[in-house]
Amino acid sequence: MLHPETSPGRGHLLAVLLALLGTAWAEVWPPQLQEQAPMAGALNRKESFLLLSLHNRLRSWVQPPAADMRRLDWSDSLAQLAQARAALCGTPTPSLASGLWRTLQVGWNMQLLPAGLVSFVEVVSLWFAEGQRYSHAAGECARNATCTHYTQLVWATSSQLGCGRHLCSAGQAAIEAFVCAYSPRGNWEVNGKTIVPYKKGAWCSLCTASVSGCFKAWDHAGGLCEVPRNPCRMSCQNHGRLNISTCHCHCPPGYTGRYCQVRCSLQCVHGRFREEECSCVCDIGYGGAQCATKVHFPFHTCDLRIDGDCFMVSSEADTYYRARMKCQRKGGVLAQIKSQKVQDILAFYLGRLETTNEVIDSDFETRNFWIGLTYKTAKDSFRWATGEHQAFTSFAFGQPDNHGFGNCVELQASAAFNWNDQRCKTRNRYICQFAQEHISRWGPGS
């Protein structure tokens, strides 16, 4: 919670003054106040920016956290209204109360204090401090206290702000009027009781579709709902171009990845380079990241043979891309399932394996297995690791369902080892495949 940068004595004095002068404008309408010339009353741009920033910072500091708190934007028209109301110096004007301002559904926070005692920033901070006396769970303020400044300040659906101040005279003393206007207004009542100003929950978890962005300043952890800067809520790095309609990054030469964040500088010694994955597809008989290693087929590691191809099921778990690299180091690829026959045999084998095979790495997250199929955003389709288009499919019911976020495919145990799209950082066991044409050219291993 923000506290004004004042001495303890001064802070206590401010609190006492607030209690004495009242916390609602209706309580401080002394008839002797007279309007003075507005020479120094209007806020300049710097003051407007500071007040707006403070409001948003305080709104993102509420406890419990707010799930639907909107970010406020400055409104010059509201600032003009606030300035005009401050110039009334507390005098009630029925025509304004019942006319245009009520039609606009504007909410008000207003304060009269001795001139020069506090800054506008300190006044707003003191409004927020009323929250110490407010119970969100009960939806009410402490007995004999008022929290209406606080509840309006943190009213979740208010999205526009404008403030003004004015110097008024009261006999020998000078009084300063501070006013902030909020739209849409808050502090609505049901059956005589003010409803809670916001919904409790994780920051930005209940933002509406029109404000689905989540604004976070650098110096705090809270979040405020805002109109998204782009509907994709993402940006492309390294001078990549974002296609707003497809939410895909078009990367410049030498970069790849969902956000063009991966620099591609590989040289494939015995193989071809796949720019979209920044990886090598090795020639027969070679493996490793750059296809520079001569490999030998490890016959003793074949778990099953299907139509001459060898399939090896790992006893360890890893992320998708690390699993793919481990298969390539051995001269193979992550399994490519291109027929119902291969799918049926693997599903049967893995089902039996669940109760018989030992796992040396107990840190795996699921009982699922990676295969060599990934979603390519640039092509808007799933492709095998070799770049081939996926013709045969065995996705489980309702899959794929991650819409570009689960880009890697696993055999899912809970779905009888049919396919599921999953986040590539998930740790699974995996299946390496050694094709028949590869095996025929490899020399015997040691």
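The backbone N, Cα and C atoms fix where each Cβ goes, glycine too.
Swiss-Prot lists CYS236-CYS249, CYS251-CYS260, CYS327-CYS432, CYS408-CYS424 with the feature disulfide bond. The domain 'SCP' annotation in Swiss-Prot covers 52-182. Annotation source Swiss-Prot lists domain 'EGF-like' at 228-261. Feature annotation from Swiss-Prot assigns domain 'C-type lectin' to 306-433; the stated evidence is sequence analysis. Among the features that Swiss-Prot reports, N-linked glycosylation site is placed at ASN144. Taken from Swiss-Prot, the feature signal peptide applies to 1-26.
The structure, with features from Swiss-Prot marked on it.
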residue : record                      : Cβ contacts under 8 Å, 6 or more apart
ASN144  : N-linked glycosylation site : none
CYS236  : disulfide bond              : LEU242, CYS249, HIS250, CYS251, TYR259, CYS260
CYS327  : disulfide bond              : VAL333, LEU334, GLY372, TYR430, CYS432, GLN433
CYS408  : disulfide bond              : TYR320, TRP370, LEU373, THR374, TYR375, ASP421, GLN422, ARG423, CYS424, THR426
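In the structure as shown, the Cβ atom of CYS251 (disulfide bond) sits within 10 Å of 25 other Cβ atoms. In the shown protein chains, 21 other C-beta atoms lie within 10 A of the C-beta of CYS260 (disulfide bond). Per-residue pLDDT, averaged along the domain 'EGF-like' (228-261), amounts to 79 for this model. The disulfide-bonded residues listed here are CYS249, CYS424; among them, CYS249 has the most other Cβ atoms within 10 Å of its own Cβ. A coil conformation is recorded for CYS251 (disulfide bond) in the three-state DSSP classification, outside any helix or strand. Taking the Cβ of CYS432 (disulfide bond) as centre and 10 Å as the limit, one finds 26 other Cβ atoms among all the protein chains shown.
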